[in-house]
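According to Swiss-Prot, the features are:
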- 25-45: transmembrane segment (TRANSMEM)
- 97-117: transmembrane segment (TRANSMEM)
- 135-155: transmembrane segment (TRANSMEM)
- 234-254: transmembrane segment (TRANSMEM)
- 302-322: transmembrane segment (TRANSMEM)
- 352-372: transmembrane segment (TRANSMEM)
- 388-408: transmembrane segment (TRANSMEM)
- 445-465: transmembrane segment (TRANSMEM)
- 474-494: transmembrane segment (TRANSMEM)
Amino acid sequence: MQTSMIAAIYKNFLGHAPDWYKKTIIAFLIVNPFIFMVDPYIAGWTLVIQFIFTLAMALKCYPLQPGGLLLIEAMFIGMTSPGHMMHEIEVNLEVLLLLVFMVAGIYFMKDLLMFLFTKLVIKVRNKLILSLSFIFASAFLSAFLDALTVVAVIISVGLGFYSIYHKVASGKEFHSDHDHTSDDELGSHDLEDFRAFLRNLMMHSAVGTALGGVMTMVGEPQNLIIADKAGWDFVEFFIRMAPVTLPVFVFGLLTTVVLEKTGTFSYGAKLPSAVRQILVDYNDHMDKGRSKRETAKLVVQALIGIWLIVGLATHMASVGLIGLSVIVLATSMSGVIEEHALGKAFEEALPFTALLCVFFGVVAVIIDQGLFQPVIHWVLSFEGETQMVMFYLANGVLSMVSDNVFVGSVYITEVTAALEAGQITRDQYDMLAVAINTGTNLPSVATPNGQAAFLFLLTSAIAPLLRLSYGRMVMMALPYTIVLTIVGLVATYIGLADATQVLYDMHLIEHHTAVEAGAQAVGH
């Protein structure tokens, strides 16, 4: 039977995505212009919900295509403009450069990462201690590096472990070429247990980036914006956040202990003994067969790792440029000089970079259609500690839906305007800045669209291998979401004002004048 041209086009549309999914996207594209004609505000929220739906279905179809189609249509019907989308991309250029260069840079350091993490996983037999070491390490690193960089490291390590086991279990040698996406030659029981084990470590690490990232001004992009507007330096930012961030960090680690001990929310998965043996054999094989040149590579990569941490922690250059320097140093000192060998490093990050640009287009729609304005004005109508709590909650809820960088920057801009208009005092402003920072960083672990690092993990090459779907990520993050949100909320409501006063009395921080924030804000 001959296929008609329309049927052929439909078959090609979104490839092997399920039929119901294709029809759903087509339905979205048909109804959106009509909703926009009736009520642009409702149309804006409809588009945001549809975009979140494409993220939730990331394992069925990469979100770039359906999300991109929805955005292109939104541009044509006037929900936003290419110029505004371009502006949002320009504002977030550092994040895009970070993705392109830093993730590729990490790729060229994977020999060192595998060397270190294989030793860690083999030596630490206790899963609880291993989980705590992963969450603590990712929190510590995220306080100085960018969360995306830390997640890129963890993904690289996870992929390394997975491919080693997959090769050996499929009857291949460590150095054989092998397709680790095909499970045909494997025993399924150990593989499922190993997937569960790696999923646990991935999620603990991802949450760790949020715990550490909230503490310092370099931890997350929106922290820099908030510190900049408020005129705080690195130390002052850390001290002002401490009354909320330190209790949250402690309770975050306690949550890890409870989850690993009880085995709830699919945590507590152990490393199967057969897989451990393969990793031990791999470690021995690599140690025995390591040549002088390979040892030299590891030493150079360790030195580059030190440069990476020092460069990022001291802000010697923008994150993307430091990533570019890592690529240049790592490849030139490892002898990787062919274009095709360089190209492999960019495969992981570029699809996500394109997706993030689409995401910034959706942010442009949110701004142009004023989707968050009613919430912002409502929150500003409160006073005192209630206002701080409402800021924290409103930031948290909106950060679960939208990008937390956008939410944080919108709120701090609104609060700075309120300060300049004389609606709030400078001391109130400083405490609201703490509530905004913690509100955007902590509850946003609830969904992958809240944190760029979580979204990167969801759309990375490792997610389908570990069966890490949007729903599963939300479910595994749920206990952390509840604990971090509640502890952060209680610390903001009960402890923040008193603790800040104690810090003033101890002269660890000083009172600012309203003029400082105004001058800072005008400059940016």
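Note: Cβ is positioned from N, Cα and C throughout, glycine not excepted.
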Open item on the list: Considering only Cβ pairs within less than 8 angstroms, which of the stretches 25-45, 135-155, 352-372, 388-408, 474-494 has the most against the transmembrane segment (234-254)?
Closed with: 474-494
Task: Which of 25-45, 302-322, 352-372, 474-494 contacts the transmembrane segment (135-155) most, counting Cβ pairs under 8 Å - done: 302-322
Task: Among the ranges 25-45, 302-322, 388-408, the one whose Cβ pairs under 8 Å to the transmembrane segment (474-494) are most numerous - done: 388-408
- [ ] Could you tell me what the rest of the chain brings near the transmembrane segment (302-322), counting residues at least six beyond its ends with Cβ under 8 Å?
- [x] 93-94, 96-98, 100-102, 105, 109, 112, 141, 144-146, 149, 218, 329-330, 333
